[in-house]
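Let me begin by handing over the structure; questions about it come next.
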Amino acid sequence: MPSWLPSIPYPPPGQPGYWHPVTSTLQWCEEDYYATYYSAEIVNTLTNLMFIYLAYKGVQSCRKHGHDTVFEVAYFGYFLVGFGSFMFHTTLKYPWQLVDELNMIYTTCLMAYASLSYSQSKKTQIYLGVFLVLFCAFITAYYHYLQDPVFHQTVYALLTVFIVVRSVYSMETNLRPSLRKSEERHRLERERSGLPVDISREQQAYENERDLEILRTMWCLVAFGVSIFLGGFYIWNLDNLYCSTLIRWRRSVGMPWGFLLEGHGWWHLMTGIGAYCYIVWGIHLRHILNGDQEHFQMVWPSIFTLPEIVRVSDPPGQGKRKANGTIAASGSANGTANGTAHGTANRCANGSANGHIKKTK
């Protein structure tokens, strides 16, 4: 550590704390109570504040732009993950460990419901909801009985992979012209077969170009979200594998520089961003399934900001929808969506000029 760089030495290990004794079944690489008497793992605790902020930001966006209520509920679940983790790392108590870990399962099941229930009958939606509630109850009871973190991690990973793959399938089949059979050759085949063709060649070409542009932008978001999520997982594993070495390095450099070597804290930040991106992606996909590509756009100025789905016009028949006393399709939203805010998404989508093609037929 350079002598000119100020630092605070770590106290001796084994400091007493307000929440003693530890009752959780997990112990992380961050030392306990070295920074404050009232928080067992200060870095692992404070990094969860990002979840709370992004949950608030997400709920506000849902209300402002009129996204489906299920996504507000998903953001509330995202908030509970962050709050539960905040309390768990503060106290290292088993009940808060359950709140932290099980809310990850519950929130993923909410996103599964949002994806699987779309366009289903009311009866099917009820059956699906009951099944997912019973599934969550079973996982809760069995995990409490088993108390094996590997079980929780396996269930969470399988659920996440399933819902991401299912959502990618929906995205591709609804946006890629070759998969939804909306290319020119498909139109000509319908004409030759005597089937009705309810769209002109020009309109079809426009919609195909528009949707391919959206598809490229959405794949950019998928790649960003998955990469940062897996990056956080990789750093956390380094934290587990080289814990004793990292503790020695932290003590060598002192505080606050040692905070940068807390791998589980980076896991919180990076997986939190990845999960947030997934919810945004789910919101965008829902509007696409509703056929509202012209009315909602992704705003993503740069990779140093987070994306948002904004309303730029009202879908037919909805009129002016209001949220928090303001019109959702306000001039501010339009100005943002139509201006330079598409920068990153557009550059990622092969440098197009606009995230959506603005063309009036």
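Glycine is no exception: its Cβ is also placed from the backbone N, Cα and C atoms.
Not measured: the values here are computed from a predicted model.
Take a look at what TrEMBL says about it:
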- Trp28, Glu30, Glu41: Ca(2+) binding site (BINDING)
- 35-56: transmembrane segment (TRANSMEM)
- 68-88: transmembrane segment (TRANSMEM)
- His89, His264, His268: Zn(2+) binding site (BINDING)
- 94-114: transmembrane segment (TRANSMEM)
- 126-145: transmembrane segment (TRANSMEM)
- 151-169: transmembrane segment (TRANSMEM)
- 218-236: transmembrane segment (TRANSMEM)
- 265-283: transmembrane segment (TRANSMEM)
- 316-361: region 'Disordered' (REGION)
- 324-346: compositional bias 'Low complexity' (COMPBIAS)
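Could you tell me the structural context for the features on the list?
Applying an 8 A CB threshold to same-chain residues 6+ apart, the list for Glu41 (Ca(2+) binding site) reads Trp28, Glu30, Glu31, Asp32, His89, Thr90, Leu92, His264. The DSSP secondary structure for Glu41 (Ca(2+) binding site) is coil.
Here the transmembrane segment (35-56) has Cβ contacts under 8 Å with residues 15-19, 22, 28, 75-76, 78-79, 81-83, 85-86, 89-92, 255, 259, 262, 264-266, 268-269, 272-273, 276, 306 of the same chain, all six or more residues outside its ends.
Same-chain residues lying 6 or more positions outside the transmembrane segment (68-88) and placing a CB less than 8 Å from one of its CB atoms are 24, 44-45, 48-52, 54-56, 58-59, 62, 96-97, 99-101, 103-104, 106-107, 110-111, 113-114, 268, 272, 275-276, 279, 282-283, 286.
Sequence-distant contacts of the transmembrane segment (126-145) (same chain, six or more residues past either end, CB-CB distance under 8 Å): 98, 101-102, 105-106, 109, 112-113, 116-117, 120, 151-152, 155.
When Cβ-Cβ distances below 8 Å are used as the criterion, the transmembrane segment (151-169) is approached by residues 101-102, 104-105, 108-109, 111-112, 115-116, 139, 142-143, 222, 226, 278, 281-282, 285 of the same chain, each at least six residues removed from its ends.
For the transmembrane segment (218-236), the residues of the chain that approach it from at least six positions outside its boundaries are 164, 168, 171, 175, 263-264, 266-271, 273-275, 277-278, 280-281, 284-285, 298, 300, 303, 307, 345, 348-349, judged by C-beta separation under 8 angstroms.
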With H, G and I counted as helix, E and B as strand and the rest as coil, say where DSSP puts Glu30 (Ca(2+) binding site).
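Going by the DSSP assignment, Glu30 (Ca(2+) binding site) belongs to neither helix nor strand, so it counts as coil.
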Drop a 10 Å sphere on every Cβ of the binding-site residues His89, His264, His268 and tell me which sphere holds the fewest other Cβ atoms.
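Ranked by other Cβ atoms within 10 Å, the binding-site residues His89, His264, His268 bottom out at His264.
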According to DSSP, folded down to helix, strand and coil, what is His89 (Zn(2+) binding site)?
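DSSP assigns His89 (Zn(2+) binding site) to helix.
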